[in-house]
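Input: a single structure, listed below in structure tokens.
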Ligand code: ACM
Ligand code: ZN
């Protein structure tokens, strides 16, 4: 514990006992717990509620230490927040509290707690005064955000009251980041400021601004005007998902960039909120927009167009050409002048080596420098850039591919392909920022994909973000110190509007903020959900277009094949709601059955469930089918095993467990086969009379999951001689995009004990004109036998 024990040891008992009570109540009756009196997000390290409150009135003043410009600005922003919420603009005075007039908020760097950490603060609200103390202006600013969250969420005409309390607070990590890709889609300065406001309210301190991409160069560079004249515009943009080929384009020119003046304005705006902006200039890959402007920097000489589709492109900067390095050093010189922070992000991810392999200049460089291969050439590239930036007192950070071929000596690593890159970097004693696709890619779906606007893919609901642990336990204590923190990445291929950005980041930013600020031991999902109720009201008051996907009901259905029963458990990521459901396929209403505890079904049902608050439907309705059919629970033999990542919740039994899969391919209801066909034989255990077989397949082109090329059903009485009963063919033009397709065969009543289902993996990308063989996924679910 860093705090002065002399002052705070008695209080610690109180703090810990409050935590225990909370835990106790939540464990007992989560749905019934009253909303907490204060709802701070991220949750402070230590909070002690007292009796009473401070009431703001027209005479309340904000007093700040003299000659502290930063504090004066913070006080000014706090005064405006108070005016917005309560209609009173407190006067800001520089000086010291004097006399007997106690009606003030005092912001001071002379802290009564002498061991406050960096960015930490101490807040004491009593009936007479509010004291906010910190060692540094950062801590003061985060403290002011706490005061803001202690105000009512919605503007009010009644006098503002702030609960009496004492808070000692400090962040767990120093890198609390949000990334934003403005290359695929471009957002105006006004929105970048909003984004920074959202970060500030969450005590997030690092804005990673992804400024260059294949689809657009977004930062003015005076020495290379064509970067923005040519590189910031594309002729057209892909419509729909990049997996849904053949491609369709909107035929609308698209572009935009930030002038250096605008960038300075944003950097200042961020600085005023104690947010560091980390600019990213991608190299050597994701650079098609720059190459469209300056094709001589490529291996082939071009010409190139700014990309209008999404993906990874083979044309990258030539690593054998000195002009590339001159160009990038010139660009970075202007970048360094614009961004005062310690770090410059140099990208480094997804840079194909195909051009380098064929380029005489690149090959000559490999020889000259005694490099082993193109990976070492990439390492040479990054190390050269690092030397240049280090010489100008800047540090580099790059995506985890910069580990390949040898890490630059002082580089920090941003681990995105899981945690492994970050672990390897920390083991090598390099700084790390964790941004794994599994937990913090906010371009992924946050609710059931079929109910969400088009997104990149994946499935990262609110509770999953909250469960993220940035520091791997496998690292030693010494190595763990290299984990600076984490951030969410917001890639914008499928995020064309600022409203959609808000939808993707909120409320997930709230969960991430707590992961990054609050001590791991104090994180509590139930408690967080309760505090989110107030946070949603704040978002409402701010006009944020946040996602309500957390209000969707998730169905957890366990099947007992022996007793032919299914037990249904519902969950949602929202507190303070009722879950109501129907079993007959009708839409749930406020009068539908109220869910209280898991229940058992022994008959087929179409389950529909939704959350309600004060009888108002809160999220979309989610649906699952339980089908207790003839093959329910029967043994199934597979000729090829499914891929280890997609073995379903119950192996081959998943195919006859009565549950239909959803469009979330990771929902445990699907078996996934990579590059192989499906052959399943169901043993009904005795000869039965059958008249229909129905099998579901998933298509999700973005994940290279395709419907089968052919399906064949056959039945047998003895398990040896099979008679083909129907071979449903693929429909002529398979629908595009994500969908579930059922293949049904109905036939005159037939006696059989064994049913064989075969499905051929397409093993080719439908849009590949040459139909080259490659491994694709075949996803199969429930085989219904009637
Ligand atoms: C990345 O997502 N390509 C870093
Ligand atoms: Zn080259």
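Note that Cβ sites are derived from N, Cα and C of the backbone, with glycine treated the same way.
TrEMBL: automatically predicted annotations, no manual curation.
Straight from TrEMBL, the features:
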type	residues	note
SIGNAL	1-31	signal peptide
DOMAIN	39-169	domain 'Beta-hexosaminidase bacterial type N-terminal'
DOMAIN	173-519	domain 'Glycoside hydrolase family 20 catalytic'
ACT_SITE	350	active site, proton donor
DOMAIN	563-621	domain 'GH29D-like beta-sandwich'
Among all protein chains shown, how many Cβ atoms are found within 10 Å of the Cβ of residue 350 (active site, proton donor), not counting that one?
17
DSSP secondary structure for residue 350 (active site, proton donor), reduced to helix/strand/coil, please.
coil
Secondary structure of the domain 'Beta-hexosaminidase bacterial type N-terminal' (39-169) by DSSP, residue by residue, totals 32 helix, 43 strand, 56 coil
Per DSSP, what is the residue count of the domain 'GH29D-like beta-sandwich' (563-621) in each of helix, strand and coil?
0 helix, 29 strand, 30 coil
To what whole number does the mean pLDDT across the domain 'Glycoside hydrolase family 20 catalytic' (173-519) round?
97
